[in-house]
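Pasting a structure here, questions to come.
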Amino acid sequence: MSDIFFNPIWDVRMTDTSLRDGSHHKRHQFTGEEVRSIVAALDAAGVPVIEVTHGDGLGGSSFNYGFSKTPEQELIKIAAETAKESKIAFLMLPGVGTKEDIKEAQNNGGSICRIATHCTEADVSIQHFGLARELGLETVGFLMMAHTISPEKLAQQARIMADAGCQCVYVVDSAGALVLEGVRDRVQALVAELGSDAQVGFHGHENLGLGVANSVEAVRAGAKQIDGSCRRFGAGAGNAPVEALIGVFDKIGVKTGIDFFDIADAAEEVVAPAMPAECLLDRNALIMGYSGVYSSFLKHAIRQSERYGVPAHQLLHRAGQRKLIGGQEDQLIDIALEIKREQEAAASK
């Protein structure tokens, strides 16, 4: 069994997910050298945990999600060899990744297994948590699209994960759709349900511009683990920027062990040059937050927009109306064709 990696001087443990969530923004094209330089900079700044995987987790390199330029297991190995103090985490989605992928990631130096399911499907993670704990890995559970169910129902799903061996259950705002009290209420519900059985975490996105504020709400509600990405390097408008989170946490007295100036330097000088472009709160990203669309849909929507000549923001809005979730990216093609037919019908009148 693995204990939770948590220094007594911390109030919360930060995880930087630039090299996993950022993979969506980079269309999974990280090189080994980019991973090496980013991990070295984050490690030197005192970031406790760095997540490294394909954007959609172990085994995500595929036609549906996009192929990795460099095999993710190779990137995990490079990250683990580079980090001096930071622990390397990896994400897996049951049905995308396999138990064998978990074992290989551990062999390559990953020590924290983060297992993600849709927020109503925690039961599909039970065997994976069991294996991870048997292997001696620390475990984290992701309840994705947490805005779509009530705090009470989310807490029930968190209990399933905790009973299966999960050591920290995250409220995951995959769409960046939660607003302040929505985060507080969900985190409080999980804290009340789990007690000392498991910690509670929060993973935010910037699609409504609330990633940092929501993370502060989460900490005040009892969250002990918080995600972010340097320079907002993530899906949609990006994740809560770690460097801003550390600045805010310093000001309100929340201890993280991360040096503000070092993480600001890492974001500016190391992470930013590896980004294809800044993560923007543009119309497309804003629509995702407003309509509750899974953040990784952004690049897929842009691709179908270009292919079929229909506006990406309309694709995303309809995806929200259909309540699509991660794994249903292919339905954007159906929506594009639907809009295309409507355009042609309107033009023929």
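Every residue, even glycine, has its Cβ placed from backbone N, Cα and C.
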According to Swiss-Prot, ARG20, ASP21, SER174, TYR294 bind substrate; identify which of HIS203, HIS317 is listed for that same site.
HIS203
Comparing the recorded positions HIS24, HIS203, which residue's C-beta has the most other C-beta atoms within 10 angstroms in this structure?
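The most densely surrounded of these recorded positions is HIS203.
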Relative to the Cα of HIS205 (Mn(2+) binding site), which of the recorded positions ARG20, HIS24, SER174 have a Cα no more than 10 Å away?
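So the list is SER174.
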Can you tell me the CA-to-CA distance separating SER174 (substrate binding site) and HIS24 (active site, proton acceptor), as a whole number of Å?
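HIS24 (active site, proton acceptor) has its Cα 13 Å from the Cα of SER174 (substrate binding site).
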Determine which residues of the same chain, besides ARG20, ASP21, SER174, HIS203, TYR294, have their CB within 8 A of the center of the CB atoms at the recorded substrate site, and list them by sequence.
THR17, HIS24, PHE142, MET144, VAL172, HIS205, GLY234, ALA235, ASN239, SER295, SER296
